[in-house]
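Accompanying notes for the structure given below.
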Amino acid sequence: MSALRRKFGDDYQVVTTSSSGSGLQPQGPGQGPQQQLVPKKKRQRFVDKNGRCNVQHGNLGSETSRYLSDLFTTLVDLKWRWNLFIFILTYTVAWLFMASMWWVIAYTRGDLNKAHVGNYTPCVANVYNFPSAFLFFIETEATIGYGYRYITDKCPEGIILFLFQSILGSIVDAFLIGCMFIKMSQPKKRAETLMFSEHAVISMRDGKLTLMFRVGNLRNSHMVSAQIRCKLLKSRQTPEGEFLPLDQLELDVGFSTGADQLFLVSPLTICHVIDAKSPFYDLSQRSMQSEQFEIVVILEGIVETTGMTCQARTSYTEDEVLWGHRFFPVISLEEGFFKVDYSQFHATFEVPTPPYSVKEQEEMLLMSSPLIAPAITNSKERHNSVECLDGLDDISTKLPSKLQKITGREDFPKKLLRMSSTTSEKAYSLGDLPMKLQRISSVPGNSEEKLVSKTTKMLSDPMSQSVADLPPKLQKMAGGATRMEGNLPAKLRKMNSDRFT
């Protein structure tokens, strides 16, 4: 301990476990107890890494009778040891019951005592006791037919029992053998060859913060119509005060683009883009340390060899999501084929990733760009903006018809239109800025001083400006404007002169 202090100096602190076990208490040399660090409580998994749902049903009461109404599914869902026990027990009871029935018939007819009489015809030949009756039933049920024991035509009750035995044996065989076949052919073992990465990662992809994990198929047989879904399990409290311990939210992994439909021949990286619609819109690297959530991944598809639907599941808790990591590439191009290296399937490496959430990144982008017009946040502002646009349209429609025709002509100087539109756009952009920025923007630079002074002089005394001082191109434009003004009514000419003065 002293060697560590000499190496690291006074900054070294000893972290000891408190006696109560409720947290960690760091202490430094010559210092009293510091603030107690309470460790984050680990979330109980809803779905294990192997796909098993960690749920137990209790206090069913009378509802347990529903299991008997679907007896076949109940037997299939049982564990193998119980299936084998029921299989052996059912056949043993059925065999003993039918053997007892044949023995009862032989006993009631007196065949057990008269079987050795030469001229006596028993119901079943060569049945003297219960073991011989049991062997006769087994030979008949298994269709072995040794020929030593057989039923005669002098026993109608034996014929009826023989028919009942055949029907009952077929039912038992169909039920138990079918149950065992379905249990053996279940695609649960096929899910063992579908792999999920041990961790999920968050990093930038195509300029967007993205949650990613990897899936793979170890077999050469394909999964037909493979589809993947993701659920976010997180506890929350509603505004009404209701607590939801397992609130399920859908994570978009490409529903609109079809990216959720997988061609699972080689390992694929599943992506969830974190945007304003994502539940992780507010998630940052720092806030993830205090969050508690679970991402459940469900991969479904049809097994190519059997045609049965297979489902593989796994989950990722907040501790299994790595911020600023990316998966190591596993596919390489060899001579004539692609090779997949599954030894690097779970491997990740660090990449530069902003530690901020998408919401924080958007806010910082808005703060760093002051020229961006403020967003319309409520319906009142949106309504006022629409009214302003309608007012501009009304002003243009209230002009005299002659002016409307002149401005609507194709040969109207486009340069003037561009100049006017540029001026108006600049005025609108300056009007959207704060007052301090407007005053700064209104100060002309060295390169624009002459232009601004000349423009001010022209605007202050437009009537005294000589047309001859203008460039030739502007002289023609000014002459055209003078002719257009001469064609205006007297009232409009007076309005124009009042505006200039």
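Glycine is no exception: its Cβ is also placed from the backbone N, Cα and C atoms.
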Listed range which Swiss-Prot flags as motif 'Selectivity filter', given the options 143-148, 227-232, 323-328, 365-370: 143-148
Listed range which Swiss-Prot flags as intramembrane segment, given the options 130-141, 190-201: 130-141
Three-state secondary structure, N119 (N-linked glycosylation site) (per DSSP): coil
Contact set, same chain, for the transmembrane segment (81-105): CB under 8 Å, 6 or more residues outside the stretch: 75, 111, 123-124, 127, 129-130, 133-134, 136-138, 141, 155, 157-158, 161, 165, 168-169, 172, 176, 179-180, 183
Same-chain residue ranges lying at least 6 outside the topological domain 'Extracellular' (149-157) that approach it to Cβ under 8 Å: 105, 109, 121-127, 132, 135-136, 139
